[in-house]
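Novice: Sharing a structure with you now.
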Amino acid sequence: MASTDIVQLGVAMIIIGIGCLGNAFIILVFLLEYRRSQTLQPYEHIITLMAVSNIGTELDFVVWFIVYLLHFCTYIGETGYKVTHFFTLFLPKTVIWLTAWLCFVYCVKIVKVNWRIFMRLKMRLSLVVKFMIIGTLLLCLLLSFPVVFFLKLKMNSTTICRDYFTVEEKKEWSFVYTSLLSFFTSFSPLVLMLVSSLGIVIFLCLHSRNMDTNVTPSGTSHSDAHTSVAIMLLCLIALFVACAGTALSVNLQIASGQFDVEIVIALSNIIYSSGSPLILLIGMVKLRNSFTKLVCSNQRNLLLE
């Protein structure tokens, strides 16, 4: 095992550890909220599922990094490697679409227009979110499963994990599949994110004067909450663009047979799954307050000891 592999494995495990803590905290907060009130807001359902999918992504990449960097493919076999590779596609793509739907749900909640479709969405948002989640899972499953037909290990190679390749007679289909995957799981959700977030920003800008004239405390806090949401969504989009841009360029290289750069796409995935809960933790009032209470209670316990 080369020194660079050790460094890559160490960095990956640190990022994954931070991400697991952040996502576990989000799940705990909303589980306690559900236990207390027996209900969650539609956007809270999406965020909870995002956190669950992020933890699944991180645990799957723990296995992937160990297998890939330590050359354990001979132990798990081609089928095991394909299963691992399937989940490294399915779970991150699910998180990406859930992020896009989160932007859309916030847009529906915050933007006030007299469009009939918006009014219907507001009234039936809980039901709509359920269909969004089911549709997202089915779409990502459908798009991720074909990868198992394109991968094959070179069992006679000394570096089996890094010498897997797309089946030769399916090289053209592999390129088409990679392009479709990038379009439906990177470009399409990005468009939805941008349209939804820009809708929120434009609405807040147009109504800023109106909100400034309402100097009541409740009006001010409401405006601040909306602004905080807009900033949070823009930060999520910026993180997604950075990670997805890297993944897109690497995907094209992988489709052409340059598998030595696949470690980059793995790192970009775990950076997104670990960075998104930190952004949510800072941007959401409920999560931020829960974290502050946790820190303050721990400090009090230390002082009492």
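Glycine too: its Cβ is placed from the backbone N, Cα and C atoms.
Found this in TrEMBL, in case it helps:
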TRANSMEM  6-34  transmembrane segment
DOMAIN    22-243  domain 'G-protein coupled receptors family 1 profile'
TRANSMEM  46-70  transmembrane segment
TRANSMEM  90-111  transmembrane segment
TRANSMEM  131-153  transmembrane segment
TRANSMEM  173-206  transmembrane segment
TRANSMEM  227-251  transmembrane segment
TRANSMEM  263-285  transmembrane segment
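Give me the lay of the land around each of these features.
Specialist: Beyond the ends of the transmembrane segment (6-34), by six or more residues, the same chain brings 40, 44, 47-48, 51-52, 54-55, 58-59, 61-62, 65-66, 69-70, 263, 266-267, 270-271, 273-275, 277-278, 280-281, 286-287, 290-291 to within a C-beta distance below 8 angstroms of the stretch.
The average pLDDT for the domain 'G-protein coupled receptors family 1 profile' (22-243) in the predicted structure is 84.
Distant neighbours of the transmembrane segment (227-251): 96, 99, 102-103, 106, 110, 178, 181-182, 186, 190, 193-194, 196-197, 200-201, 204, 261-262, 264-265, 268-269, 271-272, 275-276, 279-280, 282-285; these residues of the same chain sit at least 6 beyond its ends, with a Cβ under 8 Å from one of its Cβ atoms.
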Novice: Which residues of the same chain, at least 6 past either end of the transmembrane segment (90-111), have a Cβ under 8 Å from a Cβ in it?
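Specialist: Non-local partners: 42-43, 46-47, 49-50, 53-54, 56-57, 60, 118, 121-122, 125, 129, 132-133, 136-137, 139-141, 143-144, 181, 185-186, 188-190, 192-193, 195-197, 199-200, 203-204, 226, 229, 233, 236-237, 240, 244, 269, 272-273, 276.
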